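These features come from Swiss-Prot:
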- Ser2: phosphoserine (MOD_RES)
- Ser2: N-acetylserine (MOD_RES)
- Ser48: active site (ACT_SITE)
- Ser64: phosphoserine (MOD_RES)
- Asp193: active site (ACT_SITE)
- His196: active site (ACT_SITE)
- Thr220: phosphothreonine (MOD_RES)
Amino acid sequence: MSQGDSNPAAIPHAAEDIQGDDRWMSQHNRFVLDCKDKEPDVLFVGDSMVQLMQQYEIWRELFSPLHALNFGIGGDTTRHVLWRLKNGELENIKPKVIVVWVGTNNHENTAEEVAGGIEAIVQLINTRQPQAKIIVLGLLPRGEKPNPLRQKNAKVNQLLKVSLPKLANVQLLDIDGGFVHSDGAISCHDMFDFLHLTGGGYAKICKPLHELIMQLLEETPEEKQTTIA
């Protein structure tokens, strides 16, 4: 599904500086510097769902102790993440676990293309960081009431359930979270704008994610012993 040039969602591309302040590139450059200055065991990369996670106490509680870096940029698509990873954000580091969460902003792409873009990210990480275990977080439902974007995100997750097991070192973590109630509505207590998560919403995602990360870190006992020593 990640057919290279035939899939626009799998073609690396820097974000267009529409607003004119070059903040996207500034953030990317800061991440590249972080790669030179820090030694993360866990790397998070993606869009605002990753970026905003560090604004809540649960990041400091669960992920900061794991020497985690947060390379999330609001508005990013699979194309933008691919470009960033190809241009320095995987250099000078050797993380044990890499968490990928991106795709809900790929508005110009079909579900098949989005899934292919995510697969391309996984394949790139496998090439550049072969020691890393990769966790792909499933796309969340969005919008207060049922809508086509919810259906599209759900289809992306279904496609990834089939395709990701064929790739190395990766697993999909598709957390239900109970965000969609029995009447089909999403609560602002979970997603304050019916897209981005509240602190309580993040807790529903981050706790099972943290458990999986810890399991993967435990699978490298020799490295853990070295770290403790």
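Positions of Cβ are set from backbone N, Cα and C atoms, glycine also.
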Neighbour tally for His196 (active site), based on other Cβ positions within 10 Å of its Cβ: 16
Asp193 (active site) to Ser64 (phosphoserine) - Cα separation in whole Å: 26
Integer Å distance between the CA atoms belonging to Ser48 (active site) and His196 (active site): 8
Under 8 Å by Cβ from Ser64 (phosphoserine), same chain, sequence gap 6 or more: none
Under 8 Å by Cβ from Ser48 (active site), same chain, sequence gap 6 or more: Gly72, Ile73, Gly74, Gly75, Asp76, His196
Asp193 (active site): tally of other CB atoms within 10 A of its CB: 10
Secondary structure of Ser48 (active site) (DSSP, helix/strand/coil): helix
